[in-house]
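Enquirer: What follows is a single structure, and I will ask about it in a moment.
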Amino acid sequence: MWAASCLASCCAACACDACRTVVSGISRKSARIAYCGLFALSLIVSWILREVAAPLMEKIPWINHFHKTPDREWFETDAVLRVSLGNFLFFTILAVMMIGVKNQKDPRDKLHHGGWMMKIICWCVLVILMFFLPNGIISFYESISKFGSGFFLLVQVVLLLDFVHGWNDKWVGYDEQFWYIALLVVSLVCYVAAFAFSGLLFYLFTPSGHDCGLNTFFIVMTLILVFVFAVITLHPAVGGSVLPASVISVYCMYLCYSGLASEPRDYECNGLHKHSKAVSTGTLTVGLLTTVLSVVYSAVRAGSSTTLLSSPSSPRAGWSTSVGESGKLVDVGWPSVWVRIVTGWATA
């Protein structure tokens, strides 16, 4: 036992030294990537707790205080929301502390680029503290985060436009017929994909035999705005490019799908209710992918791009399930639907 204890102590000490060495090795140039790593850690922790935390949370009295214990999915969602809130508070506190910092001569710049071991500890403490909060605070955070997600979607549009414009300028810069044809082909593929996507939306969300005028309005209005945006972009007075417009058209249709998929599962016009589990997994995967890509891209580009790029203080993935005080799981609902649809219209 004594030997085992000594071995465990040595291993722990080595692990701490290794972590301290890695953390201290983070330089000014890699600080942005380190923040992305911390964000990735929050996603990993969220994913793990989503899978394993439900049985433990059922035993916490200030969380499971319902007359009837909710199903497992309620606790999975609640765990993710608590990690998200801790992540949000951590980055918000950092952002507030950095207000007014304009260059590396400011003393607070050391706080931004250094002290990583303490930052990780503070992040862990904040996340743990979130599991001691009552359900009411988590429900409030979940409600306001729906509207915050609309802002993040707009940030994603800015990042997407920055990327596509760079892509377009690079190909145009070659000034060769092959690359002009390539731009045209990619743009046509994007527009065909957007209109094919709209056909799928009509099939899934306007089933025959039901009055689905609202869903029809959502889809048709998105198509109209995509068409108008394309016409404006190609107008000689604007001097825009067809590639950015075509890529944005696909993204707008995705936002329309995301909004329609957020309709309550018992809504008669939501054709996804029979495949809710598969759809949730697919939406979650796409949301995670787009979130990670946009955050990493903003971290890499923000320091050198002249475009107005700002990394959100607490990006959230597709963890979009409402939590009711009754303990009954209620799907995303109409606030999320309108936020995503209106964001898609604003994008176009």
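Backbone N, Cα and C define each Cβ position, glycine as well.
From TrEMBL, here are the annotated features:
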- 1-18: signal peptide (SIGNAL)
- 31-49: transmembrane segment (TRANSMEM)
- 79-101: transmembrane segment (TRANSMEM)
- 116-138: transmembrane segment (TRANSMEM)
- 150-167: transmembrane segment (TRANSMEM)
- 179-205: transmembrane segment (TRANSMEM)
- 212-232: transmembrane segment (TRANSMEM)
- 278-300: transmembrane segment (TRANSMEM)
Enquirer: May I ask whether the transmembrane segment (179-205) has at least three C-beta pairs under 8 Å with the transmembrane segment (116-138), counting pairs 6 or more apart in sequence?
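Expert: No, the stretches stay apart by this measure.
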Enquirer: Take the C-beta pairs under 8 A between the transmembrane segment (179-205) and each of 31-49, 79-101, 212-232. Which stretch has the highest count?
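Expert: Most contacts with the transmembrane segment (179-205): 212-232.
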Enquirer: With pairs fewer than 6 apart in sequence excluded, do the transmembrane segment (212-232) and the transmembrane segment (79-101) have three or more C-beta pairs that lie under 8 Å?
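Expert: Output no: the transmembrane segment (79-101) is apart from the transmembrane segment (212-232).
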Enquirer: Under 8 Å between C-beta atoms and at least six residues away from its ends: which parts of the chain pack against the transmembrane segment (212-232)?
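Expert: Residues 191, 194-195, 198, 201-202, 205-206, 238, 240, 242, 245-246, 248-249, 252-253, 256, 259-260, 263, 268-269, 341, 344-345, 348 contact the transmembrane segment (212-232) from elsewhere in the chain.
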